[in-house]
Each structure stands twice: as C-alpha cells, then as structure tokens.
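Some notes on the structure that comes next.
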C-alpha cells in the first residue's frame, strides 16, 4: 500500500487539501512565490520574519510570525534568506534543533566561498538536518506557472529521511526531484544556476572563430582580389554572397567535427588494445559537446537553405541573367544545353536537399522529447549510421559544386585554394578513416575491445 502511494505521488501531485505546516524564513520574491505555490498545493504556510506586519505581497492564507514563533509550528523550515544573514539563526539554535532546514540560497559567482552555503548552515546549526533544494527554480517560474524549463529540482543532504520529506514537497508542487547524494554535492548544485550554457562554450567559441576566419578569407578572395586585379567593385558581396558561402562551409566542417572525435577514440582504443583507460581530457570534452556542435551545424545549414532560396531575387543575379539573355539576342545565337552541366546542377541540388533533410532529422532526434521515446539502438542508428550518410551527402553536394575548380588555376587567387576546397579537408578525412575502420578485420578487433577484451590486461583498473 505504501509503495503504491509513493508511486502515485511520484507521478502526480497529491491533491489532498490538508498537509503539514511548512515554515519559510524570509519574505522576499522567492519566499513569497514558493509559499504561494505551497498554499495552492494544500500546505499551511507560516512565515518567519523580522516584521510581523501583514503585507499585501504575502499570500493571504499564510501566517506571519516572528522567527522563533514560526519555527515552533513546523518541522520543515525553508531558509529563503541570503548567506550573509544566517547570523540571525544562531539565537534560534535550541528551537531549530532536530528540524529540517531547506537551504535554497544561491551565490553571485562560482565558488564564492570555500564551502557551500548549505554546508556553512550545517556548521552554524549542528543540531539541524540541512537539505539543499529549490535553488535551481526561479521565483518568476513559480509565480507564472511556466515550469517547463526548470521543473527539475536537485536535492542533496546527509539525512535520508529529511531528504525524502523535502522530495515529497517537491513532488507535491508538481516538480521533479533529483537526488544528488550527500551535502557534499551542495557546492555543485549551487554553481549550477550560475553556469551560462556550460556545454555550449567550446562549440560557440570554435564556431565564431571559424566563421570570422572564413568570412575574411572570402572577403580577400571575392572582393579585395576582384577590386585590385579586375577593377570590379563587388563590395555588396559582404551582405549576401559571402555569408551564403560561409554558412555551408561551416555546416559541413562542424558536422565533420561531430564525428571526428569518435574516429580519434577508435584509433586510441585500437592502439592501446583496451577500453579501460580514460581518453585524454581534450577528447572527453570534445565528445561531450558533439550534440551542441551538431545543432550549430544545423543552424548554419538552415541559413544556407534560406539564403539560397532568396538568391533569384537579388539584383546581381537578375542583372547577370538578363545580360546573358541580351548577349545571346545581340549575337543571334542560342547557347545549346550542356548535358554535363545539367547533370551536375541537378545532382548538386538533389544531394543538397537530401543532405539537409537528413540534417533536420538528426536535429529532431537529438531533442529530449524525441530521444526519450526511442531505445538506445534506434538512437545510435539515427545518430551514427544516418549521421554518416548525412555527412556523405553533404560532402558530395560540395564536391559536385566545387570539385571542378580543383585543377583550374584561376581558382587559386593569390595561390590560395577556394573556400570550398578548404571545407572538404576535414569531412573527407573523416570519411576515409571511417571507411578503413569498417573493414571487417579492423571492425571485428575494435568490437572485441569495446566488449571488454584487452591486449595487455595489466592496464585494466
């Protein structure tokens, strides 16, 4: 019976109209928002405050008492005050003895203090049971009810029973508790809200650096070179043509960089003859941000698709098309259809469309709402097998478009290769090495290693 009740509580908030009393120290934004949410969930809330005067901001069904009086009414006390004000709790040590204190505080910067706020609170009041929770939920989300982005609540504490009581409150509020272990995890939990897209830092910096490099590379070859040596003013290329050259190049290179760390990992495992040794730190970090690299690559590919759709409306394209038509009319000559160019053009478009379709499919399956509904084998098939197929299509798309320039001396302005040639280096290298790795003699050996076989067992730990 108890087990069933617990499962029910985990799936949906308990709608009972009568719950225990919860005390909240602090009447700031978060304290008021949390109290209002608890009252809606059936809890009786009593606030402990320096001023016992009722304010319009306080939920109308809540009591406001002094800290000492409020603490005596509840077993669970939520500390909704900042660390620098914890000294007001010291005189209440006797009243707070044996009670559950829920620390919800955050700091202004990472690792601001030697110990976490929750650990400091436990040292300040050694007779209490301190639990860290709710610091990853915003007051605005509680007030507006938009908790989709912050529904998960990290909980940690040394007392198992106290931690379970807090997790029951979290579930009753319609949130999802995640047990992070002992109070030693409080520092990590407190640092979490201060991290701004931690897994996106390297992909964003890398993408920005490559984008700037390729932009100025194209600027030198397509605008500056044409102005100096051909006396053509193509400065307007900066706003449309160059971005439409940079976007597909970035999409292809970043997609290749998604699968390159897997190639490195396979080579390292084959060289070591074991899977029981850690990869280098740089490779570990690279593999952890592959999803972010893939999503940025998809963004560049999408921009390229939009830019390409808008190309026929450009003045430059219409001028060039009109000039060609007028030239044929003046010469009384019609250019015959070049079947080879027609094949190349249609193949280029078809490969691009197929590659972009698979690109979008990879992006959709990386969404948690989708990936959670497929098993590991299905997810791996899409992200690995279809991922490499996407890389093949996109690489072929670029090869068909720019491959003809490889042996054309006119393509090497200032002896520099065209941007499309540069974009093919990494993806072609990835595909060639991957092709070698899937040879049966190598793939079978690699599979044995990943299943636990070791060439030299002394390296196992």
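First residue shown is number 1, and so on along the chain.
Cβ coordinates come from backbone N, Cα and C, glycine included.
Of all ranges given (180-204, 205-229), TrEMBL attaches the label transmembrane segment to 205-229.
Among the ranges 347-365, 366-384, the one that TrEMBL lists as transmembrane segment is 347-365.
Mean pLDDT, taken over the domain 'Pyrroline-5-carboxylate reductase catalytic N-terminal' (21-107), works out to 89 on the 0 to 100 scale.
Scored by C-beta pairs under 8 angstroms, the transmembrane segment (249-271) has its highest count with 419-442, from the stretches 205-229, 386-407, 419-442.
Counting residues 6+ beyond its ends, the transmembrane segment (419-442) has Cβ neighbours under 8 Å at 214, 217-218, 221, 245-246, 248-249, 252-253, 255-257, 259-260, 263, 266-267, 270, 388, 391-392, 394-395, 398-399, 401-402, 405-406, 411 in the same chain. Residues 248, 251-252, 255-256, 258-259, 301, 344, 347-348, 351-352, 354-355, 358-359, 361-362, 418, 420-421, 423-424, 427-428, 430-431, 434 of the same chain, all 6+ positions outside the transmembrane segment (386-407), place their C-beta atoms under 8 angstroms from a C-beta of that stretch. For the domain 'Pyrroline-5-carboxylate reductase catalytic N-terminal' (21-107), residue counts in helix, strand and coil come to 32 helix, 21 strand, 34 coil, using DSSP. DSSP labels the residues of the domain 'Ferric oxidoreductase' (249-394) in these numbers: 122 helix, 0 strand, 24 coil.
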